[in-house]
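Taken from Swiss-Prot, the feature active site, proton donor applies to K62, supported by sequence analysis. Residues annotated as substrate binding site in Swiss-Prot, with sequence analysis given as evidence: D11, K33, 60-69, T120, R181, Q190, 210-211.
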Amino acid sequence: MIDQKVIVALDYDNQADALAFVDRIDPASCRLKVGKEMFTLFGPDFVRELHKRGFSVFLDLKFHDIPNTCSKAVRAAAELGVWMVNVHASGGERMMTASREILEPYGKDRPLLIGVTVLTSMEQSDLAGIGLNVEPQEQVIRLATLTKNSGLDGVVCSAQESSLLKNELGKEFKLITPGIRPAGSDQGDQRRIMTPVDAIQAGSDYLVIGRPITQATDPAAVLKSINDSLASK
């Protein structure tokens, strides 16, 4: 099977609406991301419903806690059968290492474990507000390096950082990029954005795209257009 590059970010407060959307798209064309709001509203059974429909799921809960608690949450995600799960890299090396080690018994069936560096909504002024007097890019590199040194599979990062991180951390280290908007789309609340083709060419491995697909009149056609544009490069 072709490794789908597109991860569709589901953003619904009604489960029936979410499943109605999901039933309009093909699991061969994308993966799905379930975040904090939907998981809190609908729980693990919603993820199981997506699995029944053939979709791989990125469980985007950004765990950040003491090592024991965080690693057990990661293990629970593995038990649920998700394809990818993430933790905040700012939780530190011990937390990330514990989370990686708890997945080792799952072997090839374990989910990808990804670190979150700097949220794409954050600018330098936001970092300064929490006591970090650094450029976002500098903090991203610092946390991404810590993530790799902790043995994780990759990081979430903006497309602007992808090229630098690929060069710094190697081709095998996966880069998952939100803030992706197909040409002509509304910027939304993401500050650091890029088109799908630009992001892949910059070094991103997977692209998180939400409203341009979920709010489209024909989401399957939008997905096909994005995938075709990526296949032609």
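Using N, Cα and C of the backbone, Cβ positions are placed for all residues, glycine too.
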Rounded to the nearest Å - Cα separation of T120 (substrate binding site) and the residue listed as 'active site, proton donor': 14
Alpha-carbon distance [K62 (active site, proton donor); G210 (substrate binding site)] in Å: 18
